[in-house]
Amino acid sequence: MKDVRWIMLVALFIGGCLPACLAKDEPLTAVTAHQGVLDLRSVDLQEQMAPLIGDWQFYWHRLLQPGDTVSAGPDYAPYPSLWNKVKLHGQTLPVEGYATYSLTILLPKKRPHLAMLMTDVYCSYRLFINDSLLSSNGKPDTARQTAVPFWCTQTVNLPDTDTLHLLLQVANFWHTKGGPYKKLYIGESSKLTLNLQRDRTYDVLLAGCLFMGGLFFFGFYAFGSRDKAILYFSLFCIVYSYRMVGTGVYVLHAVFPNLSWFVTIRLEYLTLTLGVALFSRYFQSVYPKDAKRFIVNAVVYICLFYSLVILVMPPRIFTKGIMPFLGVMFFYIAFALFICIRAVKFKRVGAVFALMSCGVMLLVFLIINLNYFQVVGTEKWIVFIGYVLFFFLQSLVLSHRFAYTLRKAADEAQQGLKTKTEFLSTMSHEIRTPLNVVIGMAHLLLRNTPRRDQEKNLNVLLFSANNLLSIVNDILDYNKIEAGKINFEMIPMDIASIAQHITGGLSSKAVEKNIILNTVIDSRITHKIIGDPTRTSQVIFNLVHNAIKFTEQGSVQLSILAEKITDDKITLTIEVTDTGIGIEPEKQQLIFDRFTQADSSTSRSYGGTGLGLAITKRILELQDVVLNLRSEPGKGSVFYFSQNFALSNEPVATGEEYKKDLVSDKQLQGVHILVVEDNPFNIMVAQSLLERSGAIVEVANNGKEALEKIQPGKYRLVLMDLNMPVMDGFEATRHLRARGITLPVIALTASLPAEVEKDVQSAGLTDIVVKPFNPDELFRVLLNHLK
């Protein structure tokens with residue numbers, strides 16, 4: 001309905017303009033010249049203009065000068081009229097030649113200051129009034145070699161006398177048309193001058209709008225969108241802008257009177273032919289499914305062929321082709337309307353605006369061409385508004401097209417991001433599952449007191465598996481950050497305990513490299529802080545791990561210092577200092593880019609993906625915290641940041657409590673545990689680890705089997721895989737809770753906790769253990785829920 005309203009609005013505009021355009025210019029006065037005399041004594045020239053039409057004295061093949069006497073009587077010819085439409089002594093005149101027109105005008109005694117609107121003729125003239133040369137275009141002469149063509153419309157101030165004697169010399173040796181074809185007007189000087197200046201202003205404004213608009217869209221194409229439709233439209237606007245000042249009243253010729261007519265007429269014709277070709281290609285690019293390719297190609301080839309003729313042939317040859325070409329042009333405009341109607345029918349982007357612009361352009365071209373053939377007069381304001389509407393509507397077409405393309409690209413990018421996320425999540429799950437077996441079996445074999453050579457090989461295997469797991473985790477973390485899916489929880493956390501766990505877990509790596517790993521905790525940190533322990537651990541771990549990796553000798557120190565403490569807030573500065581390779585100043589920002597290290601040799605020497613620091617920096621930025629760096633090549637680096645935390649009422653664990661936690665009893669002697677898992681290798685790892693700790697283990701291969709086995713009091717705890725055939729872990733746990741069974745159900749999953757946390761809570765599972773798991777961490781969770 002909205003589209004129909006727009007179309008009706010433009011149809012009303014066109015319908016309203018047609019009467020004003022198609023009404024042929026009627027003389028403002030009924031007086032016409034008779035036998036070379038025009039009597040205007042009864043005409044009020046203060047209120048109206050008078051066209052100088054009628055029968056003028058006519059001297060063929062004579063260029064009379066003022067004062068020349070003619071032995072034979074004059075002939076008479078209508079003015080204006082092309083020579084090939086004038087018959088003299090029964091013969092039609094040729095288009096090439098020269099002639100003199102003469103007219104005597106009788107003026108009223110009461111008259112304003114008068115002027116004459118002198119229009120261009122084919123193709124040169126010289127105007128004498130009362131024996132004085134007052135206006136000329138080019139140089140009319142009796143021979144082609146000495147005559148000069150030129151076109152320009154101008155006003156001529158008339159002498160203040162009752163009678164005017166006009167002597168007009170006209171010559172044409174170059175165009176397929178010859179003689180005068182536009183009316184001359186006489187009227188009040190100020191009005192005629194104002195009308196001409198207004199017409200020139202319209203033309204300059206239109207040329208400027210089209211040219212600047214064309215440059216804008218060309219820049220848009222060159223520096224942004226590589227859409228060919230935008231390129232064709234920009235070139236069309238630039239090319240066609242010449243016709244605004246190079247035709248009509250010929251503003252360009254008035255500004256540059258020394259321009260060669262042979263250059264300007266070629267530009268006038270070329271801008272029309274190339275304009276049609278470019279517009280054809282533009283419409284084909286905008287609506288390729290609706291524009292018949294062979295028709296567009298035919299129109300373009302005709303335009304290019306005619307353009308070649310214009311370039312190489314003289315004007316008297318190529319001007320003959322304008323009539324057939326105008327037929328081709330109007331055919332294409334009708335075809336463009338057909339394209340737009342089809343586009344509207346099939347709801348193409350911007351089709352309604354394209355249809356409206358074609359309707360407006362059809363009206364404009366109709367007015368211009370009917371005026372060219374002297375069928376109608378021209379209302380300049382309608383042509384001006386028509387061109388502006390056309391340009392505006394086509395700009396809307398391109399805007400809609402660009403917006404649609406941008407929206408489509410955004411949707412595709414969003415879909416691509418979603419697909420990437422799903423792919424990474426799936427691949428993570430698939431990689432973690434076999435990694436769980438590798439890491440679990442490595443831990444089992446290491447606990448079986450292997451030989452020294454076997455222990456060395458198992459440690460290499462475990463290190464490589466953990467390294468692969470770290471890479472997978474880094475990629476997933478960065479993907480979540482890019483997708484904006486990272487959330488921060490605010491719960492009490494023991495920053496000292498986190499630091500001790502991290503340095504304790506990385507101590508073996510430091511020992512392998514003979515590096516001293518120290519932890520310094522400010523003694524003023526006596527209470528837990530409110531924050532996200534997972535993300536805080538990740539940041540500190542990445543910094544310490546990086547420091548150890550790039551340090552060959554010396555030490556790495558983690559320091560957590562309290563900078564400012566109030567009743568409810570604390571500002572901590574966390575520093576990681578190393579004596580490693582250091583970083584050159586010009587590369588210090590580079591290392592924070594994803595997949596980047598200080599140089600490629602570093603990547604080869606030390607390994608890694610280059611994601612750790614990028615993730616760390618981004619996690620801190622999302623909390624409005626800046627990661628800083630001080631570094632000197634060969635001496636080491638200091639990574640540090642300061643962060644504000646709210647204080648909790650809970651005290652931190654003492655050193656003794658921490659040590660007790662580390663050496664707490666992990667034995668599960670006599671504990672009945674049901675392992676629900678569909679992967680036989682994962683079952684083997686879990687069952688071996690649990691039975692080695694004294695647990696009594698039974699196995700179910702899916703949720704349905706688990707429900708059949710679980711009876712009240714039979715098991716102390718259930719380890720439940722989440723993704724299984726027949727019945728998954730979520731559904732099985734819901735059934736258990738519905739039966740009133742409250743025993744702990746620990747989720748075993750290869751997914752990240754954040755991905756399944758909500759589903760886990762809603763299903764009633766007690767906790768999450770992520771595969772691949774460290775046996776110590778698994779036992780810590782189990783013992784925590786068996787207390």
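Glycine is no exception: its Cβ is also placed from the backbone N, Cα and C atoms.
Heads up, TrEMBL stuff is auto-annotated, nobody curated it.
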Looking at the ranges 104-123, 204-223, which is given as transmembrane segment in TrEMBL?
204-223
Could you say whether, by DSSP, ASP721 (4-aspartylphosphate) belongs to a helix, a strand or a coil region?
strand
Using Cβ atoms only, which residues of the same chain lie under 8 Å from ASP721 (4-aspartylphosphate) while being at least 6 residues apart in sequence?
VAL676, GLU677, ASP678, ASN679, ASN682, GLY729, ALA747, LEU748, THR749
Among the recorded stretches 204-223, 230-253, 325-344, which has the greatest number of Cβ pairs closer than 8 Å to the transmembrane segment (381-398)?
204-223
Count the residues of the domain 'Response regulatory' (672-786) that DSSP assigns to helix (H, G, I), to strand (E, B) and to coil, and report the three numbers in that order.
53 helix, 24 strand, 38 coil
